[in-house]
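Asker: Below is one structure. I have some questions about it.
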Amino acid sequence: MAEAPIAPVVLVILDGWGYRPDTRANAIAQANTPIMDSLIAAYPNTLVNTSGKDVGLPKGQMGNSEVGHLNLGAGRVVPQELVRISDAIEDGTFFDNQALIEVCQRVRDRRGKLHLIGLCSDGGVHSHIDHLLGLIDLAKLQGISQLCIHAITDGRDTPTNEGAHFVQQIQAHLEKIGLGRIVSVSGRYYALDRDRRWDRVEKAYRVMTEDGVGDGRSAAQVIKDYYASDITDEFIPPTRIGAGAIASGDGVIFYNFRPDRARQLCYALVNPSFDGFPRERIQPLDFVTFTQYDPALPVVVAFEPQNLNNILGEIISRQGMKQFRTAETEKYPHVTYFFNGGLEQPFAGEDRELIQSPMVSTYDKAPQMSAKAVTDAVCRAMEKGIYSLVVVNYANPDMVGHTGKLKEAIQAIETVDLNLGRLLASAAKVGGTVLITADHGNAEYMSDESGNPWTAHTTNPVPFILVEGEGRKIPGHGGEVKLREGGKLADIAPTILDILQLPVPAEMTGKTLIDQPLVEIKANRTPVNLSR
């Protein structure tokens, strides 16, 4: 007799779906969302925090997808690289970092140039300008004679036209210490693509590596001139400011601390088997990255990764259970690499399906993105009846929210709501329990008080909804399930283990969001098959 299909726990991550009571510029509140509205009216729900110290960031710092998925998968507050590096600068250990000192020494001995590449803003999502200023000070202390800055402008995790201000801040610091120059600028749309759009990356690569000089304008003036043509920070074309191309014998420090958007440019610069576009590999080239972008890259890492043990995916695997992860291209690393604590390889029994994102310049041109295909993949996985845990990310609220286009963001929200209905119907057929949440806010705040487009994340909380499978009750919790208030993303993995009747390891300092019953109920904590 065939085994009954497994009724999975399905974790649905609505990327960028925050909660904000004010409906002004709120794509979520203004959208027609009958599915989410009915869930909030009928099922246990609460709000969880996704920013600041609740996710391992500085107080008041907005969360992001990497941080959110790390905390979701780890079941604990994970200290973030932003804090780790900032603390090192503050306590002085940054200036003793062996990887940074050695690249400076080799460049100095060869009388080469030291190049600093990274996102120039205080957004704190992929980088921080204070880290660049710290590197400039380090170069001065180490006796570097030629320092070249390749500035990547933001406009996504910061307001759309602050790039000129940031490069002026950098230029002032260079002049103050008497070292260095900004030699190129490029919008992150080009230099930090993560969807294998190599034509974009190539433009940034050429400006950084091919000889040339500017036209005499400063970096700030170049950026301001682009503003006058309605080109904002994210989309500034790669532009040469002055002499200082990356060449044989030079050294590079890539100071983004978040890997996903730094990888492709790194591949082009150092990967011997790179084939994204024609280029001659620059050798020798000493290359340091702030954090580990990819274990296969031939680079030196300044801040080695933190090891996270007993995370959710590992526990599920160790129990002999199968799990499934899916998302479209833009968020695929988040449900795999980041959810697994920075591990590239899947755990035993972990299956993955990558859905291609639409090939458009910006996602306001396709607000539906690939939500339908993502839902199809989830439904197929659940129907197999073999997975105890399913993790899915819907990218639409975040990726369309980043465009600052309210009308299109509303369409994105309505697309996700429609597909959520399909997912829930499929889960109901197999008795699955569905947990719906988000990794951070975004689409609930599309413009500031002055009406200017807001393209960054927010510090708002996000919903958490628990939809029990029909006829199912959460083991060990008696009758009606109630969720507690004041939770955070780190509490969701312990909640999943609670539902699956698996013990929560000591490393998981998060606490289940399910309120404990007043009367203790003795429950069999042996893993169970939640089949019908």
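Quick reminder: no glycine exception, Cβ is built from N, Cα and C everywhere.
Features from Swiss-Prot:
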ACT_SITE  Ser65  active site, phosphoserine intermediate
BINDING   Asp15, Ser65, Asp439, His440  Mn(2+) 2 binding site
BINDING   His126, Arg156, Asp157, Arg188, Arg194, Arg258, Pro259, Asp260, Arg261, Lys331  substrate binding site
BINDING   Asp398, His402, His457  Mn(2+) 1 binding site
Asker: In terms of Cα spacing, which of the binding-site residues His126, Asp157, Arg194, Pro259, Arg261 are within 10 angstroms of Asp398 (Mn(2+) 1 binding site)?
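Answerer: Of His126, Asp157, Arg194, Pro259, Arg261, within range: none.
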Asker: May I have the list of same-chain residues other than Asp15, Ser65, Asp439, His440 whose Cβ is within 8 Å of the Cβ centroid of the recorded Mn(2+) 2 site, in sequence order?
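Answerer: Neighbours within 8 Å of the Cβ centroid, excluding Asp15, Ser65, Asp439, His440: Ile13, Gly16, Thr50, Gly63, Asn64, Gly68, His69, Lys331, His334, Asn393, Asp398, Ala438, Asn442, His457.
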Asker: State which of the following binding-site residues has the fewest other Cβ atoms within 10 Å around its Cβ: Arg194, His440, His457.
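Answerer: Output over binding-site residues Arg194, His440, His457: least Cβ neighbours within 10 Å is Arg194.
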Asker: Fewest neighbouring Cβ atoms within 10 Å: which of the binding-site residues Asp15, Asp157, Asp398, Asp439?
Answerer: Asp157
Asker: For Mn(2+) 1, what surrounds Asp398, His402, His457 with a Cβ no more than 8 Å from their Cβ centroid?
Answerer: Asp15, Gly16, Asn64, Ser65, Arg156, Pro397, Met399, Gly401, His440, Asn442, Ala443, Thr455, Ala456
Asker: How many Å separate the Cα atoms of His402 (Mn(2+) 1 binding site) and Arg194 (substrate binding site)?
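Answerer: So the alpha carbons of His402 (Mn(2+) 1 binding site) and Arg194 (substrate binding site) sit roughly 15 Å from each other.
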Asker: From the recorded positions Ser65, Asp439, His440, pick the residue whose C-alpha lies nearest to the C-alpha of Arg261 (substrate binding site).
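Answerer: Given the candidates Ser65, Asp439, His440, the nearest one is Ser65.
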Asker: Taking only the Cα atoms, work out how far His440 (Mn(2+) 2 binding site) lies from Pro259 (substrate binding site), in Å, as a whole number.
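Answerer: So the alpha carbons of His440 (Mn(2+) 2 binding site) and Pro259 (substrate binding site) sit roughly 18 Å from each other.
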Asker: Which whole-number value in Å describes the distance between the Cα atoms of Asp439 (Mn(2+) 2 binding site) and Arg194 (substrate binding site)?
Answerer: 19
Asker: Cα within 10 Å of His457 (Mn(2+) 1 binding site) is the criterion; apply it to the binding-site residues His126, Asp157, Pro259 and give the hits in sequence order.
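Answerer: Correct set: Asp157.
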Asker: In whole Å, how far does the CA atom of His126 (substrate binding site) lie from that of the residue listed as 'active site, phosphoserine intermediate'?
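Answerer: About 11 Å separate the Cα atoms of these two residues.
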